[in-house]
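A short write-up of the structure that comes next.
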Amino acid sequence: MAALLGGAAAALLRRGPGPGLGPGLGLGAVLGAGQRRHRHKEKWATTAPRIPSTRLALHHFDTSYSLHLGELWPSVRAGLLCEQKYGALLNNFSAVDHVTQELELLNATDFVSEALQKAQQSQRGAAAREAVRGSQEGSVQGRTVIQAETMTQAETSPPFRASISPKIKCYTFPRGDITRFCPARPDILGLLGYYLMDAASLLPVLALDVQQDDLVLDLCAAPGGKTLALLQTGLCVSGGHLAANDVSISRTKRLHQILHKYVPREIRETVSVTSHDGRDWQDVDGGTFHKVLVDVPCTTDRHSAMEEDNNIFHKRRTKERQMLPMLQLQLLMAGILAAKPGGDVVYSTCSLSPLQNECVVERAVEIAETQFNISVHAEDLSHFRMLFQDTFSFFSGCRLGELVLPHLTANFGPMYFCKLRRM
Ligand SMILES: C[S@@+](CC[C@H](N)C(=O)[O-])C[C@H]1O[C@@H](n2cnc3c(N)ncnc32)[C@H](O)[C@@H]1O
């Protein structure tokens with residue numbers, strides 16, 4: 001444990017009899033023989049002060065993330081320790097007009113459609129400028145060709161090639177505005193108007209790019225924020241199908257509750273909710289899905305830095321924490337095997353750790369190739385950085401995938417996501 005945490009945390013963990021005694025000095029060396037005879041054995045586990053798990057987590061982050069993020073780390077650390085910002089995922093199954101009006105009156109905007117509009121405007125502007133330049137330079141005939149070429153280039157440049165579902169709408173307050181959303185209210189049919197979540201959690205769902213008749217698997221689905229976002233695409237109304245799985249029975253109950261509060265009965269009954277160990281999915285339904293979301297358990301950095309409850313840095317959970325990358329790799333492999341050839345898999349975590357992010361993806365690509373003879377291609381998602389730069393603060397140093405960094409003016413994330421295509 002001490003070696004794992006490094007010198008300073010090891011010092012924190014050392015339980016000496018009090019200040020002034022060096023770590024090498026046991027009680028016996030300090031007390032005389034008579035005193036030693038009457039000495040009672042200290043109950044180590046019950047009497048020693050417990051180091052808060054949040055403190056262990058922060059120490060661990062300070063050691064590893066200062067190396068990985070360099071000079072960005074102090075600002076990311078401040079973000080992690082301050083109040084998180086939320087987004088309101090609009091529930092298309094409720095009476096949305098009224099809800100939209102209410103949110104807009106509060107000065108919140110839908111970051112998805114806003115980004116798409118801005119990209120469209122700037123691309124039209126660029127195309128128009130190019131066309132004018134072309135017309136000044138060329139002949140009448142040449143001009144027509146240049147205009148056509150520049151329009152085509154603009155329309156097929158990355159933001160347009162990547163289809164982002166405009167049906168997924170999430171309202172956020174502007175950068176620097178830390179207003180909080182009120183809890184959503186039920187509409188006349190009892191369905192809630194929006195779901196409050198870290199807006200960065202939508203990015204993996206947007207990256208999955210769900211189409212109308214897709215068969216979609218959400219392998220680690222509970223409590224269900226991303227499942228709900230997947231359903232907003234209209235997938236289950238238009239010939240597609242959604243399978244939502246989570247190994248935890250208690251968390252699957254929470255998923256059922258969310259579906260109950262947000263989704264009309266006839267639609268939620270079409271969702272297959274299961275509680276399998278996702279690692280065994282291949283035995284259930286291999287090579288079937290067009291789209292697979294693998295939103296794995298991780299060190300949940302924001303939670304670990306702030307909350308003692310259910311903290312993975314608790315010393316009782318050390319082994320579990322050390323085994324996370326292995327579990328993540330097994331789940332990602334199961335996701336890849338569950339996808340059809342030509343299908344897409346999005347892997348995501350809410351950790352900043354490259355060991356849980358890029359390293360897991362790289363290893364999965366390698367294992368797919370060497371052990372399963374499956375070629376997997378990591379897609380370029382850098383256009384997400386361009387599209388959503390007004391809302392999120394992105395890290396530019398990922399080898400694969402994209403990472404949203406917490407920032408005091410845009411305190412979302414961390415959220416890592418990477419898209420893989422099974423060839
Ligand atoms: C990050 S959470 C998922 C959050 C969820 N996607 C959402 O947006 O609300 C990770 C989930 O993985 C589940 N999990 C852990 N091990 C699993 C396994 N072997 N198979 C399937 N699910 C697992 C946990 O129960 C937990 O609910």
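The backbone N, Cα and C atoms fix where each Cβ goes, glycine too.
Any TrEMBL annotation is an automated prediction that lacks curation.
Of the residues ASP198, ASP246, ASP309, TrEMBL places ASP246 in the same S-adenosyl-L-methionine site as CYS220, ALA221, ALA222, PRO223, GLY224, GLY225, LYS226, ASP277, ASP295. Long-range neighbours of CYS220 (S-adenosyl-L-methionine binding site) (same chain, six or more residues apart, CB within less than 8 Å of its CB): ASN245, ASP246, VAL247, GLY278, VAL294, ASP295, VAL296, PRO297, LEU331. ALA222 (S-adenosyl-L-methionine binding site) is surrounded by 24 other CB atoms, counting those within 10 A of its CB over all protein chains shown. By neighbour count, meaning other C-beta atoms within 10 Å, the densest spot among the recorded positions GLY224, LYS226, ASP277, CYS350 is GLY224.
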